[in-house]
Amino acid sequence: GKTRVSGLTLSSGLRTPAEIYRFGIMYGIFAITYFFVVVISAEVFLPVFYKLGITSTYEYLELRFNRCVRLCGTVLFIVQTILYTGIVIYAPALALNQVTGFDLWGAVVATGVVCTFYCTLGGLKAVIWTDVFQVGIMIAGFASVIIQSAVIQGGINGILNDAYNGGRLNFWNFNPNPLQRHTFWTIIIGGTFTWTSIYGTNQSQVQRYISCKSRFHAKLSLYINLVGLWIILVCSVFCGLALYSRYHDCDPWTAKKVSAPDQLMPYLVLDILQDYPGVPGLFVACAYSGTLSTVSSSINALAAVTVEDLIKPRFRSLSERSLSWISQGMSVLYGALCIGMAALASLMGTLLQAALSIFGMVGGPLLGLFSLGILVPFANSIGALLGLLAGFAISLWVGIGAQLYPPLPERTLPLPLETYGCNSTYNRTDLMTATAMPFSTSAFQVHNTERTPLMDNWYSLSYLYFSTLGTLTTIIVGMLISLSTGGRKQNLDPRFLLTKQDFLSNFDIFKKKQHDISYKSHPVEDLGTDNPAFNHIELNFTDHRGKVNGTRL
């Protein structure tokens, strides 16, 4: 299955081009980051989760540590996902409002309701299949913008020349300073930690590759997904350059034609594609696809985690049918909560950064916790718990500080935007009947305070390093405490750790080619166990237990 191509480019139809328009092509270095992320996820985390055959990644925490660690992990995940999903619902609603004048809150509620509806009825299968179609729509939307821009701006060369003259091709910035928002190092190191916490351990991602037929297929889906991530990143980068090329002498944001950078892309679409009926709609669909995909898998993951980690262990007597109803009820409840979060997201300001910061602040410590379990044989539950708390405390401190006292421009390095060409050529203000958005980057900013050294250094840390900080703190504190509380003495089942066999089994595919071609159920020793949660034969609905496992959770 196309794993999560669309979702986490973060409806990149809107954000990434605006990012490149303002800060240059540096963001494209994420291509290298994605490669590292997929390799780490496929070779370190996937083998362990797959061979244990678990539904919720947090089951692993109980198997490896104890009940309490699992509950902490689950609660952190639920909080993180609701916060993040709110941002994801809000962003394209803003775009739709910009392009069509469609009511902002109408769009927010509609998005939430549609996702909740098909998640509740269709379960994981609905989530995965809708994603496959959405990827196609996204690429079509991007392609239409890139092709039309190239036609108008005098070919790809014209676009690249404008970008070069405007200083947008600033690919190589090797400044090692961790306070610069984007440099080669913050994107490679910080980005790898931030995204690995999403790809390697986040339930909404892991539930997809665990539902593959065999471990080989699960890894393959991740590597195919990498290609999808690259294609979408390249499209976004080109859209950003096209955006700059079109408005290099008249920035709609400074000229107050749009109220937020996230609206630049829809503005461009209306500007260059207004004579082609239906095409601006295709673009809105493209922006929405990423969102629906993320929101649906988040709601699905929240429901699965709640049932598996909070309800099943507590009420063991429930029948599978009641669990199935509870799971559907949870989907509805979480859908409503996410819509509520979207209302809060409208106060957050720059959304791409806010979303990745939330992932960093919560995902980093969780990534550290899983890494302790999988990579450190002597880690015990006391170390894990205290490590998680330490990592969470530190990343929360720096993350909230950065929201309150945003870094100064010399840290974020926005590139200049010009408006000298505005008066003559563009008289298009009539098109925009948009809801104004507050101009500050964050609603929670504390204005006009004296900058203290704490703000200029600690709170100015690049948002991509929040995750790195949380992960490393969790691992180091966890290791020290485990060693001092007798972690060496525990005897562990080696299945909970990453072993040498896990790596070597990659090469089994060459030895046992003939098994894989015939679709019989694999022998157990072939490529990890066959996953019970996924069946390539449609389930017969007499056995209720099978029905729930196959279609709902």
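Using N, Cα and C of the backbone, Cβ positions are placed for all residues, glycine too.
Annotation comment: TrEMBL describes 20-50 (among others) as transmembrane segment.
Only residues 6 or more beyond the boundaries of the transmembrane segment (71-92), in the same chain, are considered here, and those with a CB under 8 A from a CB of the stretch are 7, 10-11, 13-15, 56-58, 61, 107-108, 111-112, 202-204, 262, 284, 287-288, 290-291, 294-295, 298-299, 301-302, 305-306, 309-310, 334, 337-346, 348, 351, 354-355, 358-359, 362-363, 365-366, 369, 385, 388, 392. What TrEMBL lists as transmembrane segment is 71-92 (among others).
Away from its own ends, the transmembrane segment (104-128) comes close to residues 1, 89-90, 92-94, 96-97, 207-208, 211, 288, 291-293, 295-297, 299-300, 303-304, 328, 331-332, 334-336, 338-339, 342-343, 435, 551-553 of its chain (Cβ-Cβ under 8 Å, at least six residues beyond either end). Annotation source TrEMBL lists transmembrane segment at 104-128 (among others).
Sequence-remote contacts of a segment are chain residues at least 6 beyond its ends whose Cβ falls under 8 Å from one of its Cβ atoms, and for the transmembrane segment (135-156) they are 2, 5-6, 13, 162, 228, 231-232, 235-236, 238-239, 242, 245-246, 265, 268-269, 272-273, 276, 279, 282-283, 285-287, 289-290. Sequence annotations record features per position, and here TrEMBL assigns transmembrane segment to 135-156 (among others).
Look at TrEMBL and you will find 182-201 (among others) tagged as transmembrane segment.
Outside the transmembrane segment (222-244), and at least 6 residues removed from its termini, the chain residues within Cβ reach (under 8 Å) are 2-6, 9, 12-13, 16-21, 25, 27-28, 30-31, 34-35, 38, 41-42, 46, 135, 138-139, 142-143, 145-146, 149-150, 153, 159-160, 162-163, 166, 168, 199, 209, 264-265, 268. The annotation transmembrane segment is assigned in TrEMBL to 222-244 (among others).
TrEMBL lists 282-311 (among others) with the feature transmembrane segment.
Taken from TrEMBL, the feature transmembrane segment applies to 332-352 (among others).
Residues or ranges marked as transmembrane segment in TrEMBL: 358-378 (among others). Through the fold, the transmembrane segment (358-378) approaches residues 44-45, 48, 57, 60-61, 64-65, 69, 73, 76-77, 79-80, 83-84, 87, 190, 193-194, 196-198, 200-202, 384, 387-388, 391-392, 395-396, 399, 463-475, 478-479, 482-483, 487-488, 490, 492, 496-498 of its own chain, all at least 6 residues removed from its boundaries and within a Cβ separation under 8 Å.
According to TrEMBL, the feature transmembrane segment maps to 385-405 (among others). Same-chain residues lying 6 or more positions outside the transmembrane segment (385-405) and placing a CB less than 8 Å from one of its CB atoms are 65, 68-69, 72-73, 76, 354, 357-358, 360-362, 364-366, 368-369, 372, 442, 444-446, 449, 451, 454-455, 458-461, 463, 466-467, 469-479, 481.
Long-range neighbours of the transmembrane segment (463-483) within the same chain, counting only residues 6 or more positions beyond its ends whose Cβ lies under 8 Å from a Cβ of the stretch, are 178, 181-182, 186-187, 189-191, 193-194, 197, 353, 356-357, 359-361, 363-365, 367-369, 371-372, 376, 378-380, 382-384, 386-388, 390-392, 394-395, 398-399, 402. Annotation comment: TrEMBL describes 463-483 (among others) as transmembrane segment.
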